[in-house]
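Enquirer: Questions regarding the structure given below will be posed in turn.
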Amino acid sequence: MSTKSGDSKNTLYCSFCGKSQHEVVKLIAGPTVFICNECVELCMDIIREDNRTHLVKTRDGVPTPREICKVLDDYVIGQDHAKRILSVAVHNHYKRLAHAQKNNDIEIAKSNIMLVGPTGSGKTLLAQTLARILDVPFTMADATTLTEAGYVGEDVENIILKLLQAADYNVERAQRGIVYIDEVDKISRKSDNPSITRDVSGEGVQQALLKIMEGTVASVPPQGGRKHPQQEFLQVDTTNILFICGGAFAGLEKIIAQRGKGSGIGFGADVRDPTEQRTGAILREVEPEDLLKFGLIPEFIGRLPVVATLEDLDEAALIEILTKPKNALVKQYGRLFEMEGVKLNFTEDALKVVAARAIQRKTGARGLRSIMENILLETMFDLPGLDSVEEVVINGEVAEGRANPLFLHGKERAETGS
């Protein structure tokens, strides 16, 4: 029976984690054992993780677009349109690889992907989750650190080296991997007219990326390039590596709105301010000519035929991000507090304050952790030295810095019905 010696005979305990009925929301009784709601949730997570490795696959051995999208839903809130585009593009890419040796009369070209969306909207997380679903090597690169070969900075070939390292130097696995290049909007040339001066970190990098994105056999130095000139190089064919490029493209919405508005003047002109529309809605109308005007070269745009745009995250979406995903921030901090034997309780008002602050800072989901850290800093500093605290309540006033967190001890918690 799940009771402990010395305790009241009426107190029941979870047979798995040992928590009492007063420490958990629900205790479910079996014939001879009890299980709490927290252990049930943990079991569900284990089953979900196991199911993820047994995704429904087509005859090609590739997960279906619907299954890919379903797993993306577990980690990324909203962005349904972008998730559908990515799911289809990734499914087609790996289906193409599965059939590469079977039928050579028609060669299907590779479709690399461009993700356009505001900071903190989930571009990086989408790319990382895709690689995890497909169990392929994944690496990230920051376009702002890249320069043309021969200049101070990181060579484009270093991206392939990182992918090779992610594949434990298994060349065959690396050749089926995914590369995510962030901040590609920062390597746009400064105007849409070709420059007579050398642009080693802008147009020059775009030119250098073209080669590996289209498909080439790159000679990769296993120990890094410039410091070990005598080492033997590994040959990596980039033809089947999927490249996903992402960027915020600040100001692109104005270029799109200007194109849509035309050059009308006089009484019949459309004088609507583009800011009246949501940025995400405007970005969805993006055309190659807009990216060209932004500063990407035509050849680079041509290597990225699939364009997925992401929406701005509103307050409701940010609150969902804080609470719903498997690795949601509230769950992460809740687990940290559990390690101290304390339950963390964020009220709805507190979550609204956190979301509103992220919107005000224009940091999207990326800024949520920083805001949570600031709110919980003093609590996490004091808590390890406090005795008999069973629950910490963070409400709207605490989140705004106008009040101290509410520490509930055993007796107080029982009185409040927690």
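Note: Cβ is positioned from N, Cα and C throughout, glycine not excepted.
Relevant sequence annotations retrieved from Swiss-Prot are reproduced here:
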- 2-55: domain 'ClpX-type ZB' (DOMAIN)
- Cys14, Cys17, Cys36, Cys39: Zn(2+) binding site (BINDING)
- Pro118, Thr119, Gly120, Ser121, Gly122, Lys123, Thr124, Leu125: ATP binding site (BINDING)
Enquirer: For Thr119 (ATP binding site), which of the binding-site residues Cys14, Cys17, Cys36, Cys39 has the nearest Cα in space?
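Expert: That would be Cys39, nearest by Cα distance.
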Enquirer: By a simple count, how many Cβ atoms lie within 10 Å of the Cβ of Thr119 (ATP binding site), its own Cβ left out?
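Expert: Its Cβ shell of radius 10 Å holds 15 other Cβ atoms.
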Enquirer: How big is the gap, in Å, between the Cα of Cys17 (Zn(2+) binding site) and that of Leu125 (ATP binding site), rounded to a whole number?
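Expert: Spelling it out, the Cα of Cys17 (Zn(2+) binding site) and the Cα of Leu125 (ATP binding site) are 32 Å apart.
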Enquirer: Taking only the Cα atoms, work out how far Gly122 (ATP binding site) lies from Cys14 (Zn(2+) binding site), in Å, as a whole number.
Expert: 38
Enquirer: Distance check, please: Cα of Pro118 (ATP binding site) against Cα of Cys14 (Zn(2+) binding site), rounded to an integer number of angstrom.
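Expert: So the alpha carbons of Pro118 (ATP binding site) and Cys14 (Zn(2+) binding site) sit roughly 45 Å from each other.
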Enquirer: With every protein chain in view, how many other Cβ atoms are within 10 Å of the Cβ of Thr124 (ATP binding site)?
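Expert: Other Cβ atoms found within 10 Å: 16.
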Enquirer: Which of the three DSSP states, helix, strand or coil, fits Leu125 (ATP binding site)?
Expert: helix
Enquirer: Using a 10 angstroms cut-off on Cβ to Cβ distances, just flag whichever of Cys14, Cys17, Cys36, Cys39, Leu125 is the loneliest among these binding-site residues.
Expert: Cys17
Enquirer: List every residue in the same chain as Ser121 (ATP binding site), at least 6 positions away in sequence, whose Cβ is under 8 Å from its Cβ.
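Expert: Set apart from Ser121 (ATP binding site) by at least 6 residues yet with Cβ under 8 Å, we have Gln79, Leu310, Glu311, Asp312, Leu313, Gly364, Ala365.
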